[in-house]
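Reviewing the structure listed below.
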Amino acid sequence: MDAATAPKQAWPPWPPLLFLLLLPGGSGGSCPAVCDCTSQPQAVLCGHRQLEAVPGGLPLDTELLDLSGNRLWGLQQGMLSRLSLLQELDLSYNQLSTLEPGAFHGLQSLLTLRLQGNRLRIMGPGVFSGLSALTLLDLRLNQIVLFLDGAFGELGSLQKLEVGDNHLVFVAPGAFAGLAKLSTLTLERCNLSTVPGLALARLPALVALRLRELDIGRLPAGALRGLGQLKELEIHLWPSLEALDPGSLVGLNLSSLAITRCNLSSVPFQALYHLSFLRVLDLSQNPISAIPARRLSPLVRLQELRLSGACLTSIAAHAFHGLTAFHLLDVADNALQTLEETAFPSPDKLVTLRLSGNPLTCDCRLLWLLRLRRHLDFGMSPPACAGPHHVQGKSLKEFSDILPPGHFTCKPALIRKSGPRWVIAEEGGHAVFSCSGDGDPAPTVSWMRPHGAWLGRAGRVRVLEDGTLEIRSVQLRDRGAYVCVVSNVAGNDSLRTWLEVIQVEPPNGTLSDPNITVPGIPGPFFLDSRGVAMVLAVGFLPFLTSVTLCFGLIALWSKGKGRVKHHMTFDFVAPRPSGDKNSGGNRVTAKLF
């Protein structure tokens with residue numbers, strides 16, 4: 001058989017990736033055929049190339065390696081150890097399920113490692129050994145269930161850790177041990193049921209903590225104790241969080257606090273009192289209905305308050321009392337009908353005011369906004385009037401400096417309807433005083449006691465929602481003059497009403513209430529002054545008769561004994577002195593009483 005007719009050797013087709021892996025690499029070597037390379041910086045871009053293994057022949061001076069969006073399933077020990085100058089490695093959106101200990105050995109210059117969008121399940125010790133210079137680690141969108149003790153112990157330079165969108169249910173107390181420089185930690189969209197306080201306490205340099213979209217219903221007292229350097233805390237989308245424990249933020253020295261899209265029904269004043277360095281407070285999208293007066297005053301350095309998208313219906317006068325540095329308020333998209341100037345300690349210092357999306361009534365209470373409208377930053381949507389009807393829908397910036405008659409005016413409060421001026425009630429009975437008024441804006445109704453104290457909405461003597469004064473179980477001390485005061489921002493009016501209490505005399509000489517009885521048990525019986533005199537007379541006469549009779553019998557017995565002797569003589573024998581042989585009888589006479 002000649003060479004021309006001899007059968008050719010059939011070589012099996014080699015996979016192209018195998019050739020890539022066999023290509024030699026050296027300093028400044030050629031770029032792998034399946035990748036794109038740049039020189040400034042020294043980057044090898046192999047993303048979204050359907051790769052199932054790391055290509056060979058990577059230049060040794062590579063500073064950025066992008067392997068994202070491929071089909072890599074694992075990293076073996078030492079696979080990238082020759083890339084000692086590598087600073088950024090992107091392995092995101094592959095199929096990595098395991099990382100062998102030492103997989104990143106030799107990457108002592110690596111600063112950024114992106115592993116999001118893989119299938120990693122457990123982070124154990126030794127996985128990140130050799131990454132002594134790493135500053136950013138992104139583990140989002142994996143299937144991580146738990147962090148074991150020492151999982152990040154080799155990352156002494158790590159500053160930012162992202163671990164959101166995992167199945168995380170447990171963080172061991174020592175999981176973050178060794179992260180001495182970690183400054184930013186984000187835990188979001190996990191299955192944690194409690195805040196891992198013991199693990200967080202191992203982060204002495206933590207500055208920013210973000211806890212987002214967690215099904216945690218309580219932040220217990222001391223949960224974040226030990227984070228003395230923490231400045232920014234964000235709690236976002238905890239639908240089960242209805243309140244903060246008073247000691248939940250103890251030990252923190254925050255400058256920014258955001259608790260948004262939770263279920264807080266009121267501002268957590270008790271938990272905030274000690275945060276004297278707080279500058280930014282964001283409570284947006286919580287069902288908070290009011291900001292009361294003077295409750296924020298302990299936050300002396302507060303500059304910004306955001307409470308947009310809540311349920312605010314009122315901001316009280318002096319609500320921001322004591323906040324001398326306050327300059328930004330965002331209360332957009334609420335149910336506020338007004339915002340009075342007296343809420344602010346210095347309205348002229350206000351720089352930014354977000355007030356759009358509120359049903360504002362444009363009356364005299366908003367004149368101060370007209371005065372400052374050219375200097376205030378209202379954002380993209382300036383506030384607009386929802387009433388009265390002749391200005392409805394008109395933006396505050398559309399009004400001229402000279403207002404037409406009837407614009408932005410108020411009507412003083414006047415009492416229009418009241419009950420009788422003199423009310424008589426029996427002791428133990430029920431008394432009601434009615435009082436209401438007219439005005440624009442609608443006035444509030446208050447009542448004052450006879451001794452000058454204002455009455456509240458609870459107790460035996462209380463003011464009802466419609467302004468009616470109710471006194472239950474009337475007592476003698478309730479008598480006197482009660483003053484009804486109706487007031488609004490334009491003025492006030494008052495009316496005095498008297499209450500006279502009739503003391504109820506108990507029947508049959510008793511002071512007890514005959515209507516209050518217990519079946520089968522006789523009630524207490526009390527005597528009046530006449531009854532007491534009769535009892536004393538009945539008891540004293542028999543006693544006096546008995547004493548007189550006794551003395552009479554004694555006198556008769558004494559008379560029957562004859563003449564009364566007043567002296568008596570007694571004979572006695574005295575001791576005889578020695579030598580005295582002539583001793584006669586001795587006698588002594590005693591006087592009888």
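Using the three backbone atoms N, Cα and C, a Cβ is placed for every residue, glycine included.
On a predicted model such as this, the values are computed, not experimentally measured, just so you know.
Swiss-Prot annotations:
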CARBOHYD  Asn191  N-linked glycosylation site
CARBOHYD  Asn253  N-linked glycosylation site
CARBOHYD  Asn263  N-linked glycosylation site
CARBOHYD  Asn492  N-linked glycosylation site
CARBOHYD  Asn508  N-linked glycosylation site
CARBOHYD  Asn515  N-linked glycosylation site
REPEAT    210-231  repeat 'LRR 7'
REPEAT    253-274  repeat 'LRR 8'
REPEAT    277-298  repeat 'LRR 9'
SIGNAL    1-28  signal peptide
TOPO_DOM  555-593  topological domain 'Cytoplasmic'
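Features per Swiss-Prot, on structure.
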{"residue": "Asn191", "record": "N-linked glycosylation site", "Cβ contacts under 8 Å, 6 or more apart": "His167, Leu168, Val169, Asp215"}
{"residue": "Asn253", "record": "N-linked glycosylation site", "Cβ contacts under 8 Å, 6 or more apart": "Gly228, Leu230, Lys231, Leu275, Phe277"}
{"residue": "Asn263", "record": "N-linked glycosylation site", "Cβ contacts under 8 Å, 6 or more apart": "Trp238, Pro239, Ser240, Leu241, Glu242, Asn286, Pro287"}
{"residue": "Asn492", "record": "N-linked glycosylation site", "Cβ contacts under 8 Å, 6 or more apart": "Pro412, Ala413, Pro443, Val485, Val486"}
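Long-range contacts of the repeat 'LRR 7' (210-231) within the same chain: residues 164, 184-195, 197, 200-201, 203-204, 237-242, 244-256, each at least 6 residues beyond the stretch ends and with a Cβ under 8 Å from a Cβ of the stretch. Confidence in the topological domain 'Cytoplasmic' (555-593), given as mean pLDDT, stands at 59. Taken through DSSP, the repeat 'LRR 7' (210-231) splits into 0 helix, 3 strand, 19 coil.
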